[in-house]
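A short write-up of the structure that comes next.
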Amino acid sequence: MSIEKVPILGKETIHVGYGIQDHIVTEVVDNLASSTYVIVTDTNVEKTPQFSKLTNDFTKVLNEKRPDSRVLTYSVPPGENNKNRATKAAVEDFLLQQGCTRDTVIIAVGGGVIGDMIGFVAATFMRGVRVVQVPTTLLAMVDSSVGGKTAIDTPLGKNFIGAFHQPQYVFIDVSYLESLPTRQFINGMAEVVKTAAIWNEEEFTRLENFSKQFLSVVTAKNPDLLSIKEELVKTVLESVRVKAEVVSSDEKESSLRNLLNFGHTIGHAIEAIVTPEALHGECVSIGMIKEAELARYLGILPPVAVARLSKCLVAYGLPVTIDDKLFLQRVGPKRHNIEIDLLLKKMSIDKKNDGSKIRSVILESIGKCYQLKAHEVSKQDLTFVLTDEVLVHPFKQPPQENVITPPGSKSISNRALILAALGTGTVRIKNLLHSDDTKHMLAAVAALKGAEITTEDNGETIVLKGNGGDLVTCDEELYLGNAGTASRFLTTVASLVGKSESNDHVVLTGNARMQERPIGPLVDALRSNGSEVQYLNKEGSLPLKITAGNGLKGGRIELAATISSQYVSSILMCAPYAKEPVTLALVGGKPISQLYIDMTCAMMKSFGIEVTKSTTEDYTYHIPKGTYKNPAEYVIESDASSATYPLAFAAMTGTSCTVPNIGSSSLQGDARFAVDVLKPMGCKVEQTATSTTVTGPPRGQLKPLPHVDMEPMTDAFLTASVVAAVAQGDSSTTITGIANQRVKECNRIEAMITELAKFGVKADELPDGIEIHGIDIADLKTPSIEKRGVCSYDDHRVAMSFSLLSGLCKEPVLILERSTTGKTWPGWWDILHSKFNIELDGYEPPFGTDKEGTKASDKSIIIIGMRGTGKSTLSEWLASFMGFKSLDMDVYLEEKLGNDIKSLIKEKGWEYFREQEAAIAKECFSKFSKGYVLSTGGGIVEGAENRQRLKDYITAGGIVLHLHRDLEETVSFLSVDTTRPAYTSEVKEVWLRREQWYDDCSNYHFYSSHCNTEEEFDHLRKSFVNFIKIITGTEKASIPSGRSAALSLTVPDLNAISSQLGDIAVGAEAVELRVDLLKETSSSFIADQIAVIRKHIDLPIIYTVRTESQGGKFPDNKVEELRNLLLLGVKLGVAFIDVELTAPVEVIEEIIIKKGYTRVIASYNDIAGKLGWSNVEWTNKYNQGVSINADIVKLIGRASSLQDNLELEVFRKQNTLKPLLAVNLGSQGKLSQVLNTIFTPITQESLPNEDGLLTIKEINQIYFDIGGLTAKKFWVIGSPIQHSRSPNLHNAAYKALNLPFTFDRFESTDADQVYKELINKPDFGGLAITMPLKLDIMKYATELSDAAQKIGAVNTLVPLEGGYLGDNTDWVGITSSFTRAGVPPNPRVNGLVIGAGGTSRAAIYALHQIGCEKIYLANRTTSKLNEIKDSFPKEYNLEVLETEDQAEKAQNVGLAVSCVPADKPLDESLLQKVEKILANGEKSSNGFKSTLLEASYKPRVTPMMKIADEKFKWRAIPGVEMLVNQGDRQFQIHTGFTAPYDVIHRAVVEE
């Protein structure tokens, strides 16, 4: 038995060995005399053979040597959640009960939880007793057991209460690891890697080399630790030595010991959020990488060190990112809780901080920390490192001169790795690009056993010993991310691979984008040469399954090389290993990127194989058989494509930059960029054979480049494009020769055009290029953060290019997916920050925002459904709302084939038509994949190929929307439709055949009610648009911040009460559909019920299927039916879905994954009232709801006494992480229903009510009775106001909701009088303000809304704490009047405001909020209009129409607001202007009827309305609608309640 002793604090008290239980017992009994030895462990360790042996031996030896002493054992529950005050107290109570005294020796046997907590017990029991640590997990052995730190957790964080208490001994018996679960084993390696990373580079290198053997042993079904015993003991020993040395220098963590916290500042914060699902080491592993990236960002740690640390952690099976696949599986929905503000909050209360200043350990190199202490780091820098979105601030003071060395070339790096792996001998590769691409390539080479790979020079040099092309298959898929180069090179390499004992094929796969990128021509060439390659998903793209053992036949290979030169290079490099010499003929025209092909040939020559070009045939190469001979050293040239970014920075900012190792002799085509692009644009360029310097002209003086062929340097076109964006002159900049850029990481040409437009730069697509119309730097627009800034498309070159243009804007610019630059330049942002002095900020989007940046709304939406279900009409509505183009695929087919469908079927039959339909579907889904609504023919689901294509579209993240309506209505419509071919069978039969297909092939479903009137059509459109908002994420349902109620609809069929629904829903902010109480639960019936609600109520729908055990009617044993019903709710696009926490875990998880933008209410119902609110089970259920990231947690109990309600309120105050809906049912539970704030379940007298729910009137009355509501007085003020309808409106709402408020008139023209007599009274509730006080009353407003500020007047005043809020709701009256009249959101028309009075300013504000791109102003005189125009921001784009000619030229006006007096004759000159505009209204409306709103409500029909309606066929909205709608919003501001709209409308309109 070998035992290593490690000194700490001057004593050799740390003993390390394998199987040392006997030594532990002897050492303790001989040297630590005591009357009582207490062995404390947890219930897991208690069951291990090692623990049994330890306790048995202890008892035996104690009886022999100290017969008067006793040994006690005590077990605690396992897990971090039991490391708390309660468990500590339980241990202490046990010790006291057993009569333990100060001479007690406590032996803590277990993992970190036991060591920390029992050490703390020892530190405080009897003011301190002796403790011995016997760690049983790897993490405890190398970390928590050494150094004397003890602690317990609190709700606010880990280890906040504890003490330093050094153990008498630490006995590390590595044999305990034999029973350690694999995940715990790997977890401990994080701390091992950490200690080596901060202290011992030599040990770190050993760990790098040990990883593969370690992982293979610990992940085996029956791990054999004896096979790695020596290495394992050394691993523990070296880590312990580091910690012991550090602790000996700084026992109480005043300085040096802080180094042990590397990775913990961020890691602990993550752990606090995702514990217990994620383990300590897993979180610290992520923390180490983030803190290493921080050090790199600060310019201290080299990029290669970050890459090396990351690779080592991954090699031990540890996560290095929050979005690691396995980490995400483990933490589940808690991933959504990892938000930057919460992380920073957790970090700010870290123990090593200096007050609230966050401190972190900064790594300088592997094995060394910067200045041997923790450093204060800014929240700004931390936010940047912790987020994947970046705000690039304006380039204010960049250095005048700079020298930047880009990382190694990606192209050369990947080629060098392939050649070296296929070669024989050892090569030292220097300046290799350490990026995602090369990481995937290295991993693949290692997995295929192509080479032995090690590192030297602190990771700067890769030492690769090639196996001469002798590769074998591996069991796992080779995942390549979005590494296009690696995927193409490895496809041919995989064809050379031999079979292993366990596998006969290689699978290459990648991320979603990689699975869209083309590889077909290469596969075709390989197949023709004997390789067996199978597509596993989409034809022409990864994943690929390549059968091993076939190899390449050799001989002549023909390859299409007009798309990618990488296909050519892939075959070239592998050709020497074919069975016969290869002649590679490139067919289809001139190959793309010839210089890259030349590069490959030159590199092959460096590795001993010379390629010769054919002298008789163009684009043809002869490659001999042979084996590469690896050179002793190969230096990778810096990446010329990457070098374009710092050089372009100099060009755009008027500064100078030198790239010292890329010049005219470079192998890379992109080395020409400075000379061929920047120099003609006005830059001074100095280029030698090995270096390039660019000096830009004064900022803003770049010249456009009329034409440049960038075929030799296609990747650099993106950099050229952003330079051209700010190059002004007589011409545009035209770039050609870049057709291949459409099939890179994204369609780069399309991406460039789309993103440049966000900066106000117009660009046009050319057949093989792009034309850019540069603008003045001062005219650059700042892309909207709200609209998600600049999308990078997961493309490194897009992100880096736009980082340059962003800095020229006046405001910070948001760029998404910044980490995508890791493909070629992981440290690009660090260079911008540390070398160019650019301010960067991390950015985290608001919760619920699509973090991909490419919103669901960018992707085309496909519409399916039976003929006659409204596909054409609803498609137009959808296209109008989304800003998409609408394409009827039947019409497209007819145009393409030159024949109408009816004739086509008559002539050639249904089978031919279906074949053509399938071909058109394939074309359209690809060609029109973005920005379209694709309306399909009713029978598209008849063909299996089309059905699969629709399913694939859904899998790829697209929306396929199934539209349906009442079958009888459909039959009636089709019976008179003669424009389409007749069905070969009855309509009902066709529907029954297709019904399941429609369901299988769609992920959303909208059931449209039959409409008879224009009003019903308007309402249908509004409800349809609301549905679209939810399914596209354009607008998620809001969670009320104030008191709110939800009406529970408990009837078996809503059709029976449909006409009453508006009145029944008074007082509700949402309606709950109890699906389990419906008379049937077929999908069609439920869809009909949802349609009924949407037809009659404009409220969010809560979709609930309550099971029997939870108080409902749905059978508990029908789990699959429950799952299907919940998924149906998501498919129907409801705002909220109720998910019972008692449902099977797999059902809950599936709903969470597939919910889209529907919000989740996690519910639990204790219908029997068995649980009191002090029972821990309620807390467990609440936490369960939080853990699945529910939007609301709903807990329902049953009260048997008043006390139950009071306990519930205590519970409510204690649980605030997520909004809580908690009430008690039954007659005793009414108080809880009154005190609940979010979506309180309510009923109406006419509805069944078995649960004792209250009506909204009852709730408000009781709330008033107990003091929750106080009586308030509201007034309308101004003069004259005797005819004001505001009192009617507000008092009707107060009565309907039973609110203790009154609303009256107060006629006055004196604001001071109003303040004295109304505002300054204790019962003052608020004002509705009319002329002449809209301006005068503003002096009493301590805060103004944005609307009030821009409109320059207030019509609403309410008290705030310490002051008053002034608001203006006139604009809401305008916008709501338009939308309720059928005007869609984002109507994409221009607006017209008639008049120049006070209301005209509200109209301008309203039309801008609606989305009018331009707003025309017309009035009798224009002087006042010019004043109004000058007072609004430029982006309102206001144009004053001074003449009739100008009015006639006004374009695309579809909305108008008349703000001229209605009781006076219309001015003739003004009328002439208005009529010129109204006359063009029919062609201006964008899918809706052009609409005019009258601002005057007397008379009901004004002269302007008559002209608009009768003469020009515009829709005219009377002013009374504006009055109602502004009052609706005003009521909400006054009271916090939602106004009952139908009630207030009747009160005003029917007066």
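Note that Cβ sites are derived from N, Cα and C of the backbone, with glycine treated the same way.
Going by Swiss-Prot, these are the annotated features:
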{"type": "ACT_SITE", "residues": "Glu253", "note": "active site, proton acceptor"}
{"type": "ACT_SITE", "residues": "His268", "note": "active site, proton acceptor"}
{"type": "ACT_SITE", "residues": "Lys1194", "note": "active site, schiff-base intermediate with substrate"}
{"type": "BINDING", "residues": "42-44, 80-83, 111-113, Asp116, 136-137, Lys158, 176-179, Asn187", "note": "NAD(+) binding site"}
{"type": "BINDING", "residues": "Arg127, Asp143, Lys149, Asn159, 191-194, Lys243, 257-261, His264, His280, Lys351", "note": "7-phospho-2-dehydro-3-deoxy-D-arabino-heptonate binding site"}
{"type": "BINDING", "residues": "Glu191, His264, His280", "note": "Zn(2+) binding site"}
{"type": "BINDING", "residues": "Gly865, Met866, Arg867, Gly868, Thr869, Gly870, Lys871, Ser872", "note": "ATP binding site"}
{"type": "REGION", "residues": "1-379", "note": "region '3-dehydroquinate synthase'"}
{"type": "REGION", "residues": "392-838", "note": "region 'EPSP synthase'"}
{"type": "REGION", "residues": "858-1048", "note": "region 'Shikimate kinase'"}
{"type": "REGION", "residues": "1049-1258", "note": "region '3-dehydroquinase'"}
{"type": "REGION", "residues": "1271-1551", "note": "region 'Shikimate dehydrogenase'"}
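Relative to the region 'Shikimate kinase' (858-1048), the listed stretch 1271-1551 leads the set 1-379, 392-838, 1271-1551 in CB pairs under 8 A.
Taking the Cα of Met866 (ATP binding site) as the reference point, the closest of the binding-site residues Asp42, Asn187, Glu191, Arg257, Leu260 is Asn187. Among the binding-site residues Asn159, His264, His280, Thr869, the residue whose Cα lies closest in space to that of Leu177 (NAD(+) binding site) is His280. Taking all protein chains in view, 27 other C-beta atoms sit within 10 angstroms of the C-beta of His264 (Zn(2+) binding site). Nearest neighbour of Asn159 (7-phospho-2-dehydro-3-deoxy-D-arabino-heptonate binding site) by Cα distance, taken over the recorded positions Asn187, Glu253, Arg867, Lys1194: Glu253.
When the recorded positions Glu80, Arg127, Glu253, Leu260 are compared by Cα distance to Gly870 (ATP binding site), the shortest distance belongs to Glu80. Other residues of the chain with a Cβ within 8 Å of the Cβ centroid of Glu191, His264, His280, the Zn(2+) site, are Leu139, Asp143, Ala190, Lys194, Gly263, Gly267, His268, Gly281, Cys283, Val284, Gly287. According to DSSP, Glu80 (NAD(+) binding site) sits within a helical segment. Among the binding-site residues Lys83, Arg127, His280, Lys871, the residue whose Cβ has the fewest other Cβ atoms within 10 Å is Arg127. Considering only the binding-site residues Asp42, Glu191, Val193, Thr869, Glu253 (active site, proton acceptor) has Glu191 as its nearest partner by CA-CA distance.
Taking only the Cα positions, the spacing between Arg257 (7-phospho-2-dehydro-3-deoxy-D-arabino-heptonate binding site) and His264 (Zn(2+) binding site) is 13 angstrom. For Asn187 (NAD(+) binding site), other Cβ atoms within 10 Å of its Cβ number 27.
Across the structure, Lys871 (ATP binding site) and Val113 (NAD(+) binding site) are spaced 61 Å apart at their Cα atoms. Of all the recorded positions given, namely Glu191, Glu253, the one with the smallest number of surrounding CB atoms inside 10 A is Glu253. The distance from the Cα of Asp42 (NAD(+) binding site) to the Cα of His280 (7-phospho-2-dehydro-3-deoxy-D-arabino-heptonate binding site) comes to 18 Å.
Each of the recorded positions Arg257, His268, Arg867, Lys1194 was ranked by the number of other C-beta atoms within 10 Å, and first place falls to Lys1194. Glu253 (active site, proton acceptor) falls outside any helix or strand according to DSSP and counts as coil.
In the shown protein chains, 23 other C-beta atoms lie within 10 A of the C-beta of Leu177 (NAD(+) binding site). Taking Cβ-Cβ distances under 8 Å and a sequence gap of 6 or more within the same chain, the neighbours of Ser872 (ATP binding site) are Asp888, Ser935. Comparing Cα positions, Lys83 (NAD(+) binding site) lies closest to His280 out of the binding-site residues Val193, His280, Arg867, Gly868, Thr869. Looking only at the recorded positions Val113, Thr137, Glu191, Leu260, Lys1194, the one with its C-alpha closest to Gly865 (ATP binding site) is Lys1194.
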